[in-house]
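Positions annotated as transmembrane segment by TrEMBL: 20-37, 49-70, 76-97, 118-141, 161-180, 192-212, 243-262.
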Amino acid sequence: MESGEYVPGSVYFYAPNKGAAIFFAIAFAFSGFYHIYQCIHYKSWRLTGLYVFCAVLFAGGFVVRAWGAFGYTNLVKYIVSVCLIYGAPPLLELANYNILDRILYYAPYHSPIHPGQVITTFAFISAVIEALNGNGVSLTANQSLAPWRQDIGRALLKASLLIQVFVITLFILLAAIFHRRCYKSGMRNAKLYNPLYTLYISTALLFARTIFRVVEYWSIAEHDYWKPGFDPKSLSPAIRYESFFYVFEAMLMLINHVLLNVRHPRMWLPKSTKTYLSRADGATEIDGPGYKDGRPFWVTLVDPFDVHGLLGGRKKGGELWDGDGEQRMGKDGC
């Protein structure tokens, strides 16, 4: 039973639970192996390979945490485990961006953004978040550093968390606009909506985890802990009780991984981005030339929604799906 009391010498605040860390290391490893099988089975390494990498990070992080639980005064083990575990969720978000990218390609005429720009735009933002997050964690976790360097780490972590909240909100808004356009057009294809619903659930789990991290970290940042006279009991319960970490970090992310195992996007989405649903009936799959963006790469990063083109009256590229493509199958999946 957790007491919420500070354990002298512990870099975790408490004495970390050995069994829980071992369980999650094994669980993430199993999910990762199943993702490997699914990548091979569905030939979807490009689409879902990031889930494998995230599972490796989580499993490795919990292995180190379990190791550190047998010596909870070891700062190096703590830093390594925190960097691995906290570094994986932003990559899970990136994996979801890749899934939305493929969903938009399935009905590109309803996409508010060029489908190919989802991954490039959000990947760029995710790289910034990952850099801020990694540097922030390493600077903050190392209590041997000078106070001003720890302050920089706290500022980096705050920035990364706030940007994550903003980006997830923007991502959901983008998916919802696309979803609404498809529904208003009369499309009722389950092969289009099922991966969208999965994406909503996955993103909601990531959003809940990020909100917890914001609350958790702000409660730490407002204290000058480990200073003379500091009362450990003044810290938030989110810090003093390990159960909060396992519920809002480990369990939410494990559910996310298993969700994508059970509802793998390739169960519905085609392998190629050049396969899209007919605009006429919303059910017939057609192989076309693909949806290409002829603008320079730097322009697509600066203006992913092609606001300049919309103001100038440039066509969205409808000729790539309004022509005569090669029909692949009849109506189904409605």
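Placed from the backbone N, Cα and C atoms, the Cβ positions cover glycine too.
Looking at which of 49-70, 76-97, 161-180, 192-212 has the most CB pairs under 8 Å to the transmembrane segment (20-37), the answer is the stretch 49-70. No contact links the transmembrane segment (243-262) to the transmembrane segment (118-141), because fewer than 3 Cβ pairs that are 6 or more residues apart lie under 8 A. Tertiary proximity for the transmembrane segment (161-180) is limited to same-chain residues at least six positions away from its ends with a CB under 8 Å from its CB atoms, namely 90, 93, 96-97, 100, 103-104, 107, 110-113, 118, 122, 125-126, 128-129, 132, 193, 196, 199-200, 203, 206-207, 210-211, 213-214, 217. Panel annotation: around the transmembrane segment (118-141), residues 11, 75, 78-79, 82-83, 86-87, 90-91, 93-94, 97-98, 100-101, 104, 149-150, 152-160, 163-164, 167, 171, 174, 297, 300-301, 304 of the same chain, lying at least six beyond its termini, place a Cβ under 8 Å from a Cβ of the stretch.
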